[in-house]
């Protein structure tokens, strides 16, 4: 893994959770995972994002994204330069299963990026999106596409015991058609010169080389397999194969399509067989595919193919001309498509090809499903499908109007830079008080505004401000939110207090410390400042190499006689670890101390410091809102949230990888 950013342990999950000797290490993993500083993932599934060669300006589509570990890698690559708060690129992460989309949201939220959008569509018919380019509507083509399709999961046989009981050859026969449709839809939406990575955690050629060969065959030279032998030099790999047979559940083998009896031609399709023409097969370079075998590096089994698009797909050649005629949208309110049936405009928007040889070929292809005697082994673009939308009805995404009176006090209170992109602020409420303000990049704003009817958006943006009713008397009704502070900080010019390392320790270890506990410099700065939300900034001292050498930005609240930080528990633990403070507590001690604090809190029902009241009210609002939208609050206790999510993620991943077909995948999840 580049820059030694990945580490491997041979400990099983059970040993990690149950061993008293590993309790400290386990708490560290859980806490840092919840913060987004660590992602735990199967080693081989880290390969596809690395082979995408992502740059911060790339527009990326992750077609089958849940549970989200690969999406997290992609977001991380977009933010390679941490000094740029808004990279030009973005990630649109899609999944067909509504419930798994919320798992995806939880994973993405840990990374606090304004450049991620989670959508809920069938990947095989994901709609074409439009963006506004200099006043003209154009179809959005992606620079990079990750196509990690549903598969039989037979490569996971080492960790997934169910594979041994449930595996049959039928699994791959049922999934092949879906995999080919998803891959076809992917390359249609890929920009010329763009790169798409197709991957499965299966070693069956029906799901792997057969799909790639069929895709290359019908692309008529528009696609080529990239040679990635020089990339990831430490990875042990095997080349793709060019010869294989097809087997039915009852043990019958077939070498060619012509050998398949009529009554079996619904189960076995022509695209499942290897290409017989030697020249055509040689030109495909199937040996450029990557096969990762479990025993080579003590991993799971995996298949990866990297495709590059050289020209438009044969059936899409006239596509760009039609898009200029689309009427512009001027409305700044984006409603999610909750009850639409027009989810597959991707097919209807594409122009009909002229009556030439290509269109005749296409007609032949469409008949080939019912007439086996027609041209074999070729099929056209995926058929039009009605998109089924299900799950929760999402709140709308409403961008703040230019003249919204809500923003002026915020701008004045925090002395925001004139370059601050206020057009990118949005809320999730159309009527009533706006409780939270979220931020997206300008590129995602463009996507949201132009595709409200095409897309079912589950979540996007990061929270930057939360309403704070008691704050109005101090000049601003909104306090800063920790998850968006690193995005906001470059634009804030007021209410910043520089603190020393000792002050940071006090802020992170004490709940509501009095001002007298802080250094005299901090006390002086606070004295001249009005009460309310503040930014607490620690800058490292290069002359003291033993002290913490990375900058820290915290959200805080200044009361009459106290100063406190508003930082989620796991993030507090992270910063304290970085400063060398011992944060490990044995479970029993922690439970006892928590019980004592709860009892004390019940006894003390007297009013507390203004800041404390504000935070409590605010936390309730945040928890309530996140419960409504299906998201978890970032302030949840370590053991009860992160580990459950981790186990759910693993369980869901195992379920989805072992489905017999697309529909059963949904029902199981």
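Backbone N, Cα and C define each Cβ position, glycine as well.
Feature list (source: TrEMBL):
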- 1-310: domain 'SAM-dependent MTase RsmB/NOP-type' (DOMAIN)
- 64, 65, 66, 67, 68, 69, 70, 95, 122, 148: S-adenosyl-L-methionine binding site (BINDING)
- 201: active site, nucleophile (ACT_SITE)
- 337-382: region 'Disordered' (REGION)
- 342-357: compositional bias 'Acidic residues' (COMPBIAS)
- 358-377: compositional bias 'Basic and acidic residues' (COMPBIAS)
- 587-627: compositional bias 'Basic and acidic residues' (COMPBIAS)
- 587-669: region 'Disordered' (REGION)
- 645-669: compositional bias 'Basic and acidic residues' (COMPBIAS)
Spatial separation of residue 201 (active site, nucleophile) from residue 70 (S-adenosyl-L-methionine binding site) - C-alpha basis, Å: 13
Can you give the largest Cα to Cα distance in Å, as a whole number, for the residues 64, 65, 66, 67, 68, 69, 70, 95, 122, 148 that bind S-adenosyl-L-methionine in the record? 20
Would you mind reading off the Cα separation of residue 66 (S-adenosyl-L-methionine binding site) from residue 201 (active site, nucleophile), to the nearest angstrom? 14
Tell me the Cβ neighbour count for residue 70 (S-adenosyl-L-methionine binding site), meaning other Cβ atoms within 10 Å of its Cβ, over all protein chains shown. 26
Cβ-Cβ neighbours of residue 68 (S-adenosyl-L-methionine binding site) (radius 10 Å): 29
Within 10 Å of the Cβ of residue 64 (S-adenosyl-L-methionine binding site), how many other Cβ atoms are there? 24
One finds that other Cβ atoms within 10 Å of the Cβ of residue 201 (active site, nucleophile) number exactly 26
What is the separation, in Å, between the Cα atoms of residue 122 (S-adenosyl-L-methionine binding site) and the residue listed as 'active site, nucleophile'? 20
Which is it, of 66, 122: the one of these binding-site residues whose Cβ has the most other Cβ atoms within 10 Å? 66
State the Cα to Cα distance, in Å, between residue 64 (S-adenosyl-L-methionine binding site) and residue 201 (active site, nucleophile), rounded to an integer. 13
To the nearest whole angstrom, what is the C-alpha distance linking residue 68 (S-adenosyl-L-methionine binding site) and the residue listed as 'active site, nucleophile'? 15
